[in-house]
Amino acid sequence: MNLLMLTFIICGLLTQVTKGSFEPPKCWKNNIGHCRRRCLDTERYILVCRNKLSCCISIIISHEYTRRPAFPVIHPEDITFDYSDVDSFTGSPVSMLNDLITFDTTKFGETMTPETNTPETTMPPSKTTTSKTTMPPPSQTALTHN
């Protein structure tokens, strides 16, 4: 009986010590794949392991291996604003434009002045142009027109 107990202990220790044990060897990054002769339906072939085995990685997303990174914690005390470049910051969304003075354009070239409330007429630019149109030489016109 002592010999039988000794045999069971040795067999138990051998299964713990053996490298292959009873599961297929692991492969890929962080040992998430398994080396098999043929990948299962829920697995994808990635690369070749030793002894002509395929490294198979599961297609189904496992949150054990693919964890999302934690969101950075932002404390309101850490946020500072620098208003040194703004001269007069009022906190309102109004622009620095003054809406008290408006120019009413009634006709082309005629505007109302806000001080006297009289129309001023400005002459539009003259339409006479003194540009000469030159024709290219006949040799170049034959090249440009097909």
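Here the Cβ of each residue, glycine as well, is placed from N, Cα and C on the backbone.
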Between C35, C39, which residue forms the disulfide that Swiss-Prot gives for C49?
C35
Candidate cysteine (C11, C55) that Swiss-Prot pairs with C27 in a disulfide:
C55
Would you mind ranking the disulfide-bonded residues C35, C56 by how many other Cβ atoms sit within 10 Å of each Cβ and giving me the lowest?
C35
